[in-house]
Amino acid sequence: MARHRNVRGYNYDEDFEDDDLYGQSVEDDYCISPSTAAQFIYSRRDKPSVEPVEEYDYEDLKESSNSVSNHQLSGFDQARLYSCLDHMREVLGDAVPDEILIEAVLKNKFDVQKALSGVLEQDRVQSLKDKNEATVSTGKIAKGKPVDSQTSRSESEIVPKVAKMTVSGKKQTMGFEVPGVSSEENGHSFHTPQKGPPIEDAIASSDVLETASKSANPPHTIQASEEQSSTPAPVKKSGKLRQQIDVKAELEKRQGGKQLLNLVVIGHVDAGKSTLMGHMLYLLGNINKRTMHKYEQESKKAGKASFAYAWVLDETGEERERGVTMDVGMTKFETTTKVITLMDAPGHKDFIPNMITGAAQADVAVLVVDASRGEFEAGFETGGQTREHGLLVRSLGVTQLAVAVNKMDQVNWQQERFQEITGKLGHFLKQAGFKESDVGFIPTSGLSGENLITRSQSSELTKWYKGLCLLEQIDSFKPPQRSIDKPFRLCVSDVFKDQGSGFCITGKIEAGYIQTGDRLLAMPPNETCTVKGITLHDEPVDWAAAGDHVSLTLVGMDIIKINVGCIFCGPKVPIKACTRFRARILIFNIEIPITKGFPVLLHYQTVSEPAVIKRLISVLNKSTGEVTKKKPKFLTKGQNALVELQTQRPIALELYKDFKELGRFMLRYGGSTIAAGVVTEIKE
């Protein structure tokens, strides 16, 4: 208990003899110099005064968010409005309130360029009024008393105004306005004051300078700021400027007068497609000798010496190891009058979907057949890919064909063998829909390079063949009419992440044209983005047109939302996305009749989508298109019918009558092509 007594009897007053001053680091009793205290001691009494933090005003934010809701708009119109606002914000920044921008967009019916012009015109009028008032007040001060040399420096001296010069009738912004040179604004003359002399002297000297400049350079005149503001500074390319570009003239200028042609090489597996085109590229100089020597050495080590030229187009290790093309290889070469985009399609039956992707992007085709005994028959008879490839390219819109009868050196350039092959193939191609005048037959040898870029000098061939070589036949193809004037359409064939911001897509522009800075809409994801860059044949360009195979760098969209098969279009004229549509189809050779509920694989451009035939509407006459039978129970080979299809996921389609390139598709079942069709009606 002794400890408790000690605690109870403790005198606490001894601990509180002095008051503690918490506002100081040490007590005043300690001796310390003022300099040391100022250096090491902190005093709250000397704390600097801090202004109260200004609270953020959220009223303006609420007003801007509610400004759109005040206007009763549909969901689609709201999306268009937000898109227009984003575009205008990129040009104007935050200088103009949202309400003014919204009113301008609605007043001009969602036309961004007209709305921008209206807002800029309104700002110009207001700024001119302010300048006029400032001019009048400055004139009054000048008449009253001379301006002191120290106070006469106006804002126009500190921040020089840009003066617009007219050179030979063209408006160009050239330099800054020199102090002392007058510029007329809205009928009032404003003179920048100078140091030293009064304003009257400055006016006199400026008049002398102005007359001297006019006499020395008559075509060069300083325009009023009204002309400058009537054509606002192009912060971003406007749609009006883009529409003024003559795309056809620019296209010819870019290609040096040569026309663009997309060529696909098709044929049965092991017919020699890659070797034929690889050797042609080497002879044209597209592949240097050092690279070709490297391919020859590597192919010899792999035990595939005859595949050296094929390795020019078969770039992946798996393709070189197996000796089979698996994906579409793409490259470029030039002829006398054409710029050719070459697509080497796979010939193996397992890779028909990839072949359809390449053929859907082609304008013309080269069909390669093997002239060896037994090989041509194997590829041409049932189960071979020669027939199927010929039907596919014709169904996908290819009307011009060059048939390269390859490996003729293995049959000693026999004329009888060549005529036998051309007779069988010519009859089949005529049935498939090719005109005789649009089909050419050329005897070639891909390994030796005979009759590829120059006419053969071999006596065994020249004694009976006097026709064109393969390159001359390709050069004689007629390029199709490009849909440059139609709305922009691009089908995605590949998506990948590149260095830097955004991501890249590749594909062929089917219609219209595009420039950097354009906004695009992706369907069916229904997402918008901006074109940051355009690459054509591995070279950056500012624009591209229909027929070009391009790579676009996009920003403002997540890469996860874009898949192979998506179609990019302009936001003003979007493409429709649906799961149900009606189509007119032509049935090929099938063993099982097509009935209601028949499952198929739909191949459309770069899309491969499972589908079901929901309805058999009618059977049509092949020639006239008239209905011969309504609501048939089944369809057999050779019939032309109107059916309704339904896909599992939405796909972006166009009617065949509007866009022929985007209105064709193929139907496959069980590893073989059973029908080709065109879209006639799109259901919701």
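Note: Cβ is positioned from N, Cα and C throughout, glycine not excepted.
According to Swiss-Prot, the protein has these features:
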{"type": "MOD_RES", "residues": "Ser49", "note": "phosphoserine"}
{"type": "MOD_RES", "residues": "Ser67", "note": "phosphoserine"}
{"type": "MOD_RES", "residues": "Ser117", "note": "phosphoserine"}
{"type": "MOD_RES", "residues": "Ser127", "note": "phosphoserine"}
{"type": "MOD_RES", "residues": "Ser152", "note": "phosphoserine"}
{"type": "MOD_RES", "residues": "Ser154", "note": "phosphoserine"}
{"type": "REGION", "residues": "170-241", "note": "region 'Disordered'"}
{"type": "MOD_RES", "residues": "Thr231", "note": "phosphothreonine"}
{"type": "DOMAIN", "residues": "258-482", "note": "domain 'tr-type G'"}
{"type": "REGION", "residues": "267-274", "note": "region 'G1'"}
{"type": "BINDING", "residues": "267-274, 406-409, 445-447", "note": "GTP binding site"}
{"type": "REGION", "residues": "323-327", "note": "region 'G2'"}
{"type": "MOD_RES", "residues": "Lys622", "note": "N6-acetyllysine"}
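Beyond its flanks by at least six residues, the region 'G1' (267-274) meets 309-310, 312-314, 324-325, 329, 344-349, 367-370, 375, 378-380, 384-386, 389, 406-407, 446-447 of its own chain at Cβ-Cβ distances under 8 Å. Spatially close to Lys273 (GTP binding site) yet at least six residues away along the chain are Val265, Ile266, Gly267, Thr325, Asp344, Ala345, Gly347, Val368, judged by Cβ distances under 8 angstroms. Across the region 'G2' (323-327), the prediction's mean pLDDT works out to 77. Here the region 'G2' (323-327) has long-range neighbours at 269, 273-274, 304, 307, 310, 313-314, 316, 344-348, 351, 354, meaning same-chain residues at least 6 beyond its ends whose C-beta is under 8 angstroms from one of its own. Distance noted between the C-alpha atoms of Ser117 (phosphoserine) and Leu447 (GTP binding site) is 63 Å. In the three-state DSSP scheme, the residue listed as 'N6-acetyllysine' is classed as coil.
Listed in sequence order, Gly272, Thr275, His279, Ser306, Tyr309, Lys407, Asp409 are the same-chain residues at least 6 apart in sequence whose CB falls under 8 Å from the CB of Leu447 (GTP binding site).
A count of other CB atoms within 10 A of each Cβ picks out Ser445 as the most crowded of the recorded positions Ser117, Ser445. Met408 (GTP binding site) has a Cβ environment of 29 other Cβ atoms inside 10 Å. Taken residue by residue with DSSP, Val269 (GTP binding site) is part of neither helix nor strand, so it is coil. Residue with the densest Cβ environment among the recorded positions Gly267, Val269, Ala271, Lys622: Ala271, by other Cβ atoms within 10 Å. Under the three-state DSSP scheme, Leu447 (GTP binding site) falls in the coil class. All protein chains considered, the CB of Asn406 (GTP binding site) has 27 other CB atoms within 10 Å. The two recorded residues, Ala271 (GTP binding site) and the residue listed as 'N6-acetyllysine', have Cα atoms 34 Å apart.
Note: the Cα of Asn406 (GTP binding site) and the Cα of the residue listed as 'N6-acetyllysine' are spaced 35 Å from each other. Between Ser445 (GTP binding site) and the residue listed as 'N6-acetyllysine', the C-alpha separation comes to 40 Å. Across the structure, Met408 (GTP binding site) and Lys622 (N6-acetyllysine) place their CA atoms 38 angstrom apart.
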